[in-house]
Amino acid sequence: GDCGCSGASSCTCASGQCTCSGCGK
């Protein structure tokens, strides 16, 4: 479950949209 975020603590993908919390992009 990676949404293009490096070191993301939480990634949620729904309806083609990805939300990452704690993302260390």
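The backbone N, Cα and C atoms fix where each Cβ goes, and this holds for glycine too.
What Swiss-Prot annotates here:
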- Cys3, Cys23: Cu(+) 1 binding site (BINDING)
- Cys5, Cys20: Cu(+) 3 binding site (BINDING)
- Cys5, Cys23: Cu(+) 2 binding site (BINDING)
- Cys11, Cys20: Cu(+) 4 binding site (BINDING)
- Cys11, Cys18: Cu(+) 5 binding site (BINDING)
- Cys13, Cys18: Cu(+) 6 binding site (BINDING)
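Cys11 (Cu(+) 4 binding site) and Cys20 (Cu(+) 3 binding site) are 4 Å apart (CA-CA, integer value). Here the Cα atom of Cys18 (Cu(+) 5 binding site) is found 7 Å from that of Cys11 (Cu(+) 4 binding site).
Sorted by the number of other CB atoms within 10 A, the binding-site residues Cys11, Cys13, Cys18, Cys20 start with Cys13, the lowest.
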